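Participant: Annotations per Swiss-Prot:
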- 47-274: domain 'Radical SAM core' (DOMAIN)
- 62, 66, 69: [4Fe-4S] cluster binding site (BINDING)
- 106, 137, 197, 269: [2Fe-2S] cluster binding site (BINDING)
């Protein structure tokens, strides 16, 4: 490796303090975005955005009590329980996503943790989607060591398991799964040799200090997640957070920018809540270092901007869809 190559390698820190993160959030908005965009340009093409598609392969009746989630069996939200989709239907959806330009296909199942029989069905889905030439991601709750190894054997590229919020605010959002449970599953995914997709949700009534704490939890993992989805709360009638005050859009953009600074080599993804974002807000997020989106009409059980709207926005901003492997 040459000295120039060493100089261009990202400096990945895992020792961020609360004070440092809060100081970044407190920067003047223009200064924060300038720093984030400068770091972004060192490691990524600033006009390229990776596109993923997400399909709910098993919907509703989840035993967890996540306060934001319309799929929880604890709340009356109108989401109907649906069994695990067939392999044929999943592959048909993956093919459509591929034709629309998605390079990664993510499959979400509303479980606390998958049963072994269901895991075998998911493994077959992973193998089928891989055969289409797409990257694969699964989110299905907590995993055992053996389950993580089985998904790796099937060819799974990414496993999603979010921290959701800061460790200090976590108990306000969920009581049926501990913060440590989440860390344990992330370690099992790493030990099995898969990439990690891990982020959180903002706008759940947390403080700015909690948003800083969420990013510290992510950046101080033994390895930074390769993908960091930043979700804006989708307020769903029937959930405990349905009446939560809307987050200031600039606070969301700040969260994206600080995520970019603290995790310079990770893909920062705009995830749930984009249907509530203006084009101008999304443009600021891209300027702040977001370089991945979920693409398509729906995100699990919530609305997502239609593909045509995304194409128009990309054209207006001069953005390109990234190729496979980005």
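Glycine is treated like the rest: Cβ placed from N, Cα and C.
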Participant: Provide the three-state secondary structure of residue 69 ([4Fe-4S] cluster binding site) computed with DSSP.
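Facilitator: Assignment for residue 69 ([4Fe-4S] cluster binding site) reads coil.
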Participant: For a quick check of understanding: among the binding-site residues 62, 106, 137, which residue's Cβ has the most other Cβ atoms within 10 Å?
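Facilitator: Per the Cβ count, the most surrounded site is 106.
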Participant: Quick one: give me the count of other CB atoms within 10 A of the CB of residue 69 ([4Fe-4S] cluster binding site).
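Facilitator: So the number of other Cβ atoms within 10 Å of residue 69 ([4Fe-4S] cluster binding site) is 26.
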Participant: Pick the one among the binding-site residues 66, 197 whose Cβ has the fewest other Cβ atoms within 10 Å in this structure.
Facilitator: 66
Participant: Could you give the Cα-Cα distance between residue 106 ([2Fe-2S] cluster binding site) and residue 69 ([4Fe-4S] cluster binding site), in whole Å?
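Facilitator: With the alpha carbons as reference points, the distance is 18 Å.
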Participant: With a radius of 8 angstroms around the mean position of the C-beta atoms of 106, 137, 197, 269, what other residues of the same chain does the [2Fe-2S] cluster site pick up?
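Facilitator: The surrounding set, listed in chain order, is 52, 54, 104, 139, 158, 160, 227, 229, 294.
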Participant: What's the CA-CA gap between residue 197 ([2Fe-2S] cluster binding site) and residue 69 ([4Fe-4S] cluster binding site) in angstrom, rounded?
Facilitator: 19
Participant: Can you give me the Cα-Cα distance between residue 137 ([2Fe-2S] cluster binding site) and residue 62 ([4Fe-4S] cluster binding site) in Å, rounded to a whole number?
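Facilitator: If we compare the Cα positions of residue 137 ([2Fe-2S] cluster binding site) and residue 62 ([4Fe-4S] cluster binding site), the gap is 20 Å.
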Participant: To the nearest Å, how far is the Cα of residue 69 ([4Fe-4S] cluster binding site) from the Cα of residue 269 ([2Fe-2S] cluster binding site)?
Facilitator: 19
Participant: Using a Cβ cut-off under 8 Å and a sequence separation of 6 or more, which residues in the same chain sit near residue 269 ([2Fe-2S] cluster binding site)?
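Facilitator: In sequence order, 50, 52, 199, 227, 228, 229, 230, 290, 292, 293, 294 meet the Cβ cut-off.
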Participant: Across the domain 'Radical SAM core' (47-274), what does the pLDDT come to on average, as a whole number?
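Facilitator: Its mean pLDDT is 90.
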Participant: Can you tell me whether DSSP puts residue 62 ([4Fe-4S] cluster binding site) in helix, strand or coil?
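Facilitator: Reduced to three states, the DSSP call for residue 62 ([4Fe-4S] cluster binding site) is strand.
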